[in-house]
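Below is one structure, written out as C-alpha cells, with a few remarks after it.
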Amino acid sequence: MNLSICVSLSLFLFFIGLTVVLVRKEFLFILMGMEIMFNGAALTAVIGAQHWQDPFGQVLTLFIMIIAGVELTVSLLIVMHCYRTLKISNIDELKQLHD
Amino acid sequence: MNSLIWLIPGAPLIGAGFIILFGSLISAQICARMAALMVLISATLVLSLWVELLGQANTTVPNAILYHQALFSWMSIGDWKVDLSLTVDKISLIMMTVASSVGFLIHLFSINFMKDEQGERRYFFYLNLFIFGMLSFVMAHDLILLYLGWEVMGLCSYALVAFYYQKSHYAYCGRKAFVVTRIGDTALAIAIMVIFANFHSIELPQIATLIDAQQINPISLTLIGGLLIIAAIAKSAQFPLHVWLPDAMTGPSTVSALIHAATMVTAGVYLLIRFHPLFDQLPDLQLIIAFIGCLTAFFAASAALSQNDLKKILAYSTISQIGYMFAAVGVGAYGFALFHLIVHACFKALLFMSSGVIIKAYNEEHDIRKMGGLGQKMPFLRYIYLIGSLTLAALPFVTASYYSKDPIIAATYTQDFGFYLTALALLGALMTGLYSMRMYLMIFSGTPRSEIHPYAMSIGMKLPLTILAFLSITIGFIQTPWSWGPELLIPWLASDLGLPHLPHGAIDVTINLLGIAASLIGIGLACYLTPKELKHQQGLGNVAFLNQAWYIDALSMKWIVTPYYYLCSLCRVFIEKVVFFHVIESSITGMLITGHRSLSRSQAGLITRYLYFICFGAIGLLAYILMTIYPIHA
C-alpha cells in the first residue's frame, strides 16, 4: 500500500478533528473532534508499524484507545457537571475565572 | 604640641555636638558657657602655637609648613586617597588666631547678650559649628577639607541670618544669603575639580609647587583663577555679588560681628591669598581682582553714606573694607591684605557687638535718625564706639586701620591703571571717614530723639569690647610705614607671601598724605554735615540713589531674579506640563495601556481562542523543527 496515501488519510482525519475542535463551540462536539484527532494519530502509529514491520505501533494504538477512553470518561464527567452546576454547554461561556 | 593640632578645630566641633545631643538636658546658660569654653580651648592652643613658634629661629624658610597632623584616611579610591590632615603655616596661623580669638571674645559677649533669647542653644550650636568650619577651612591640608569648612560656614551663616525665623522676611534674608553665596560655592567646587583634573592632586602645598613649576597650560590656570575669584567674590560680598550681606544683618548682632564681619566674609580673601602663586602668574586676573576691590571699596562706602539702618551702615562698611583687602590681593600686597584683615576683624567685631547693645538700648530701633544722646547715658559704650568708628575712619597715626589701609592704597598705585585704582580707594577712604563719624555722631551726640532704656552691660560684655578696642588702637604698631617703628608682620610673612611693591619717594609720601587728608576731611565733613542733617531732617540719608546702594539690589531683582522666576514658570508650563505631562507621560502611559489591553485581550478566558493559540504554536514549532532538520538551501 502506498505509504503517503495512508499518512495523508491519517493527517486528513487529524485535521478534520482539529477543525471540529476549533469551529464548534459545544462541549460534546469538541470531545468528538478530539476523538477523531486521536484516531488520526493512532492510525499513523499503525501505518508506521506496518511500514517498519514492528508491532510496537499496534501496541501503542491499543494504549491510545484505552487512554482516550479513560480521558473521555473524565471529560464527560466535567462536561456533565458544567451543565448541571453552571448550566453551560457552550465552551465560550466557560470564562468564570476571567475578571 | 603637634599632636594637639586636631583639637583646635575639634574642640568647637565637640562643643557643637554636645549641645545638639545633650543640650536640652542642661540649662541654656551652661550650654553657652561650655560653647565659649570650647572656643577658648582653641584660642589658647593657637596662642601656644605662637609662643612655641616665636621661640624658634628658623621661620624664614619659604612656604614652611609649621605644623602638620594627619588624622586618618578619609576616603580612598584605588591608590588615590584623601587624608584628613591639618596643616599650619604662617598664613593659616594668622587666620586661626583671628578666628579663634575674636570668636572667643564674641562667644564671651554672647553669653550675656543672648541670655533668655528664644533658641539660645541653637545659637550656640551654630556658633560653635561655625568656628569649627572656619578653623578647618583655614587649616585644611587638602581642598576637600577646605571645601567642607567653606560649606559649613555657609550653612551656619544661613542658619544664623535666619535665626529669628518666625519673621518671614528674616527667613527670606537667610535664603538670599545662602543662594547668593551658593554661586561662589558652585564656582569653588568646579575649581577644585578643574584643579584635580590638571594637577592630579588636591593637596595645597603640592599644588603650589606644581604652579611654580609652570607646567600647566595657562588656559586651565586662567579658568581655575577665574572660578576662584567668583567663589571669593560671592563669599566676601564683593561688587556684583555683595547683595546678600546688607540683608544678612537680620541675624543677632553678635552673629554679624563674628560671621559677617570678622571671619567668614574674609574667607574669600584668604582663599585668594592661599592661591597666590596662581595669581602671581596671571597678571590680568590680578588686575581684575584689584579693580573689583577698589570699585567695591568705593561703591560700598558711598552706599554706606546714606544708610539709616545702623547695621546696614556697618554691613556696607564691611563690604567696603573687604574691598580694600581685595585690592591688596590684586596688587600683590598679600601681607597687607592679611594685616588689614586682622585689624578689620578687631574693630568691626567691636562695632557690631556695640551696635547690638545700642539697638537694645533703643528698644530694637535700627534707624540712627531716631537715636541720639546715648553718650550721656552710656559713657563706656560711647568711648568704645568712638574708638571703633575712628579706627573704621582710619584716623591717622593713632588707629590701626591707618597702618593697614594706607599701605594698601599706596600699593595700588604700582599696578597698571594705578591712578584710577588709587583714586577709587582714596575716595572710598574719604567717604569711610564721613559715614563712620556720621553714624557715631547721630547715635551718641545731641539729645535723645527716642526713649532710651539703659542696658546694663556685665563685665563679661565689657571685657571683650575693651580688649577689641585696645587691639584696634595698638595692633597697628606692629607694622609701621617708613621704618620709623617696628615692622614685624610683613617681613615675617615675606617668606611665604613675598614683599609687596610699594611706591617710593615722593609718590609714596603724596599718597600717604592724601590718605591722611581723605580720612581727616571725611571726619570733618561728618562733624559739619551731621548736625545740619539732624536740624533740617534732610541730608545724606535722603539720597535715594545711595540709600538703595545704586539700585543694584533692585536691578538684580528686576533683571536676574524676576527673569529667572519667569524662566522657572516657563519651564513649569512648557517642560513640565507640555513635555512631561502631555508628551512623555501620555505617550508612555498610552503605550503601556495599549500594550496591556492587547495582552489582556489574548487572555479573554475564551477556550477556543486558547486552542487557536495552541494550534498556531504547534504549527510554528513544527515548522521550526522541520526547518532545522531540512534547512532551505537557496
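Heads up, the Cβ atoms here are built off N, Cα and C, so glycines get one too.
Cross-referencing B:6-27, B:556-577 with TrEMBL places the feature transmembrane segment at B:6-27. Mean pLDDT for the domain 'NADH-Ubiquinone oxidoreductase (complex I) chain 5 N-terminal' (B:74-124) in this predicted model: 87.
The list of residues near the transmembrane segment (B:465-485) in space but at least 6 beyond its ends in sequence, with Cβ under 8 angstroms from a Cβ of it, reads 102, 105, 109, 339, 342-343, 346-347, 349-350, 353-354, 381, 383-384, 387-388, 391, 398-404, 406-407, 457, 512. Break the domain 'NADH-Ubiquinone oxidoreductase (complex I) chain 5 N-terminal' (B:74-124) down by DSSP state and the numbers are 29 helix, 13 strand, 9 coil.
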